[in-house]
Amino acid sequence: RALRLAGGRSPCEGRVELEQEGTWGTVCDDGWDIPDADVVCRQLRCGHAVRAHGNATFGRGHGPILRDELGCKGHERDLWECPATPEHDCSHKEDAGVVCSEHQEWRLSGGRDGCAGRVEVFYRGTWSTVCNSTWYHTEATVLCRTLGCGDVLQRPAFRHTLPGKMMYLCGSLQPSLAQCHWIFNKSAPCYQSWAAGVICNGTGS
């Protein structure tokens, strides 16, 4: 009953992939909607569904198409509990995807391009700044690489002007900041801190 999201920018966004007898497959987007996506998000401990995507938004998957015409009510424990048609008439260009409420994405603003500036994180429907009290070389490196911007040159400080504050602490180089330890909107570690920034050595598209 394993489940994962692939092709997204965090573990809580991407193409829905299920495992059946050791083989990973996908879900067809026929009838794919928010109640179906809610089951996925909850199973992955990613909150609730913000968007239910079709048409291989996160790229085409591989392997069998394991579920079609899913009819979840939204309360089921996993996708296998939801009614579905045994046969499908789909191809991978119809792979279903989801964005969950716990998904995070990042941008750099106020710099010369998309690879330099103040670090801003989109989380729970709003953009927030990141506290620089734990913004070290490792955290900055993870972000530069996630954004396709190479490696870190500098870590300038900025002012906090957005409502929320996020803190990251990466013990090692993770695929993304969402896989590091993070705390959202707790005032103590952020007290008197500046907003994190980074200048990466790559150039933004």
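Backbone N, Cα and C atoms are what each Cβ position is placed from, and that goes for glycine too.
Note that the structure is predicted; figures quoted are calculated from it, not measured.
Annotated features, as they stand in TrEMBL:
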type: DOMAIN; residues: 3-101; note: domain 'SRCR'
type: DISULFID; residues: C72-C82; note: disulfide bond
type: DOMAIN; residues: 106-201; note: domain 'SRCR'
type: DISULFID; residues: C170-C180; note: disulfide bond
In the domain 'SRCR' (106-201), how many residues does DSSP call helix, how many strand, and how many coil? 20 helix, 40 strand, 36 coil
Within 10 Å of the Cβ of C82 (disulfide bond), how many other Cβ atoms can be counted across all chains shown? 18
Cα separation, C72 (disulfide bond) to C180 (disulfide bond) (Å, whole number): 32
As a whole number of Å, the Cα atom of C82 (disulfide bond) is distant from the Cα atom of C170 (disulfide bond) by 37
Most isolated by CB count within 10 A, of the disulfide-bonded residues C72, C180, is C180
Using Cβ atoms only, which residues of the same chain lie under 8 Å from C170 (disulfide bond) while being at least 6 residues apart in sequence? T138, E139, V142, L177, C180, H181
